[in-house]
Amino acid sequence: MSLSIDSSSQVLENGYEHAELLSGNNDEHEGVMVNMEKPMDSKVFLTALRASISLWRKQGKRGVWIKLPIGLANLIESAVKEGFHYHHAEPDYLMLVHWISESTTSTIPANATHRVGIGAIVMNDKRELLVVQEKSGKLKGTGIWKIPTGVVDAGEDIFKAAVREVKEETNIDTEFVEILGFRQTHKSFFEKSDLFFLCMMRPLSFDVQKQELEIDAAKWMPFEEYTAQQIVEKPGFYKCITDICLAKVDGDYIGFSPRLVKSSFTDQLSYFYLNEQDSNSS
């Protein structure tokens with residue numbers, strides 16, 4: 001529950017008499033969230049910030065977050081001088097944070113550490129694999145065929161991202177079947193870690209039309225022809241994809257399917273991925 005802090009309050013000690021305070025909300029971790037919305041002179045902001053921090057320390061607050069819209073970038077220098085540092089940035093705002101407690105160690109969580117990607121295995125009844133050649137990236141101009149891949153958007157479920165990416169790159173409609181496995185790598189995009197989920201998809205249409213912006217070519221390829229590529233034959237990630245695909249198509253490998261579950265604390269719904277065949281949960 002968030003509680004509003006009255007911006008008209010005054011601090012009468014430490015030289016901040018009659019100083020206007022910043023308006024903020026208490027968070028669930030004994031911290032304060034300040035959402036700056038209106039333009040403010042940087043000197044006025046600095047005075048208000050110092051007065052507010054003085055009050056928040058007296059109240060036992062620990063972490064202070066300041067959300068600055070891009071239009072209020074003039075306030076960044078003042079906040080940084082008072083000990084704030086960058087936590088994360090989005091196209092329309094910058095989030096600053098400062099641990100103001102002098103008696104406890106900072107427990108401020110780091111910014112998001114991972115990017116999430118998907119790869120889609122789509123195979124038709126002719127044992128043909130849906131493959132593409134990309135116009136950019138490491139494989140540009142190599143002639144190597146690969147499965148459709150992409151990045152999961154913010155707020156997007158993994159299985160929905162797989163359906164979307166296949167449609168965008170090849171115009172093929174698909175139905176999500178399972179997550180067959182996933183890979184974690186580090187020091188990837190801007191030094192962040194990367195989670196890559198390999199998804200099994202069922203084709204619902206078959207007329208391939210490549211995306212002009214990112215895809216150089218797209219087609220259905222006999223699976224044996226795909227696996228005969230040198231990069232797929234040698235030990236490595238591509239070989240792992242081939243092996244798990246064969247295990248699924250020719251064997252009894254069971255991956256992970258999404259089950260809609262409700263949070264134990266709120267009405268929020270999310271997807272829990274599990275092996276339905278071997279699971280005894282209800």
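Just so you know, glycine gets a Cβ as well, placed from its N, Cα and C.
Record features, source TrEMBL:
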- 113-243: domain 'Nudix hydrolase' (DOMAIN)
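The average pLDDT the prediction assigns to the domain 'Nudix hydrolase' (113-243) is 95. When the domain 'Nudix hydrolase' (113-243) is classified with DSSP, helix, strand and coil residues number 32 helix, 52 strand, 47 coil.
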